[in-house]
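Visitor: I am attaching a structure below and will ask some questions about it afterwards.
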Amino acid sequence: MVLYTGIVRYYHSPYNLVSDFLSFRLQTIKRFSMENLEGYYFSALFSGCFLLSSLLFSKITREQRDPYMDEIFHIPQAQLYCQGHFNQWDPMITTLPGLYLLSVGMVKPAAWLFGWNENVVCSNGMLRFINLLFSLGSLYMLYSIISKIHYKNKVSSFRKIISTLTLYLFPTLYFFTFLYYTDTGSTFFVLFTYLMCLYGNHKSAALLGLCAFFFRQTNIIWIIFCAGNVISEKLTEAWKIDLKKREDKPSARGSFSELVKALTFLVQYSLSFRNMISLVLLTWPYITLVFGFLVFLVYNGAVVVGDKTSHEVCINFPQLFYFFGFTLIFSFPHLVSVQKLTDFIKSVWRRPFLYIALAGISVILIWKFTYVHKYLVADNRHYTFYVWKKIFQRHELIKYLLVSAYLFAAWSFTDSLKGKSVFWILMFFFCLLAATVPQKLLEFRYFIVPYLIFRLNIPIPSSIRLLLELLVYILVNVFTFYLFLHKTFRWPDNEETQRFMW
């Protein structure tokens with residue numbers, strides 16, 4: 001009654017009533033204006049990226065008119081499809097024909113609409129331009145995913161825009177925007193699949209996942225990741241309800257005890273037939289694709305098509321360590337700081353036997369499961385050739401001495417994800433292992449998707465850290481394109497111009 005009387009007296013004054021109404025209207029207008037401004041910012045970003053990429057595309061295409069590296073397989077195959085020869089296939093190609101089919105589906109109608117002649121329709125430049133369009137599509141996907149994941153965190157428009165631009169310019173991905181490779185289209189469809197999954201449109205996500213699979217068969221892992229994303233949400237909800245029923249306090253986020261409790265709950269949850277049926281009903285579109293993949297695997301006899309001998313599956317555990325090192329370098333503004341180093345040392349001090357065991361296991365995995373692909377040591381056009389030669393081949397003990405750096409990188413990597421549920425982290429690490437470990441060839445392109453997934457899901461840091469990360473990406477890109485365009489060389493037994501690249 002007293003509260004009611006106070007409210008009546010307060011609003012009895014016209015001044016108070018008008019003041020509160022105007023304050024509410026101003027807040028609404030401000031919120032609406034900020035949303036509109038963010039739309040204008042993103043439109044400006046999109047236009048600027050298109051202009052910059054178009055100018056760079058023009059420069060690269062003029063300097064390298066002929067197909068280069070893997071383009072010698074991809075471009076002729078797409079041109080065969082352009083001519084209607086869908087029954088002809090280059091046996092050296094290892095991926096399904098998603099890139100070529102979609103390229104023809106985009107270029108042919110445009111040629112009919114604009115009256116292009118046959119020399120333009122499927123020329124080298126036109127096919128490469130398809131990847132520029134995919135790249136711009138990925139820009140929109142990155143912005144949309146960041147907005148969706150960090151919606152509740154009230155991240156400023158500036159930080160969202162800068163984070164989007166930074167990931168768009170991620171050097172390993174951005175370089176292949178200008179060549180006719182499968183990476184750009186593959187990444188676009190994986191991101192699109194993930195976005196639809198986040199919004200709960202699982203049938204659409206599965207359809208887009210099928211497109212991603214036709215670009216690169218290993219994308220089945222990220223289709224499983226989307227299913228795991230749904231399952232982790234369901235498990236997290238069920239676990240919270242279970243903790244409330246048992247009146248059990250949740251353990252510290254990211255602690256070992258939380259992991260043990262989560263695994264125990266996961267086993268108990270899985271033993272219920274009803275629970276498993278509910279998970280199947282939630283994820284059946286993704287499960288259908290996984291079954292389709294298994295049928296393909298049995299029919300094809302391998303994950304890759306074409307040149308299977310050069311892409312054999314093996315258990316190469318150090319690939320996971322290479323990925324952690326790769327991520328530490330490109331995300332150092334997020335993963336390396338005085339506070340991070342201090343927390344890591346404290347963690348080691350508290351659990352010395354755990355870290356000694358992890359270091360010992362890492363040494364054994366490196367000793368027993370390190371594989372060196374013939375392409376890695378034979379092709380001096382790739383950065384990985386020089387990484388392997390200048391670091392790992394310098395001395396036999398180098399690969400073991402790096403274990404401490406790997407442990408810090410893995411700890412910092414996991415620590416950055418502590419805002420996610422323990423089930424999400426378990427699911428992500430499972431997909432990360434599946435994406436990296438079976439690869440025999442050390443190839444930075446294989447790290448693109450898991451890196452982006454990681455980077456999208458960590459908290460967006462301060463503007464200073466974002467700008468530092470952006471600066472690093474720009475400098476790496478400038479250096480890479482400078483080498484590619486101006487530091488050409490020739491092999492003694494080959495007259496063709498060779499260029500450095502990722």
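Any Cβ shown, glycine's included, is placed from N, Cα and C.
As annotated in TrEMBL:
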type: TRANSMEM; residues: 40-57; note: transmembrane segment
type: TRANSMEM; residues: 98-117; note: transmembrane segment
type: TRANSMEM; residues: 129-149; note: transmembrane segment
type: TRANSMEM; residues: 161-182; note: transmembrane segment
type: TRANSMEM; residues: 188-215; note: transmembrane segment
type: TRANSMEM; residues: 279-299; note: transmembrane segment
type: TRANSMEM; residues: 319-341; note: transmembrane segment
type: TRANSMEM; residues: 353-377; note: transmembrane segment
type: TRANSMEM; residues: 397-414; note: transmembrane segment
type: TRANSMEM; residues: 421-442; note: transmembrane segment
type: TRANSMEM; residues: 462-485; note: transmembrane segment
Visitor: Short question: which residues 6 or more past the ends of the transmembrane segment (353-377) have a Cβ under 8 Å from it?
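Guide: Hits for the transmembrane segment (353-377): 256, 310, 314-318, 321, 347, 384-385, 388-389, 399-400, 403-404, 406-407, 440-442.
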Visitor: Please identify the stretch among 40-57, 98-117, 188-215, 421-442, 462-485 with the greatest number of Cβ pairs below 8 Å relative to the transmembrane segment (161-182).
Guide: 462-485
Visitor: Which residues of the same chain, at least 6 past either end of the transmembrane segment (397-414), have a Cβ under 8 Å from a Cβ in it?
Guide: 254, 318, 321, 324-325, 327-328, 335-336, 340-341, 344, 347, 355, 358-359, 362-363, 366-367, 370, 391, 425, 454
Visitor: Quick test of the contact rule: Cβ under 8 Å, at least six residues beyond the ends. What residues does that give for the transmembrane segment (188-215)?
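Guide: Residues 95-99, 101-102, 134-135, 137-138, 141-142, 144-145, 148-149, 182, 222-223, 225-226, 229-230, 282-283, 285-286, 288-289, 292-293, 449, 452-453.
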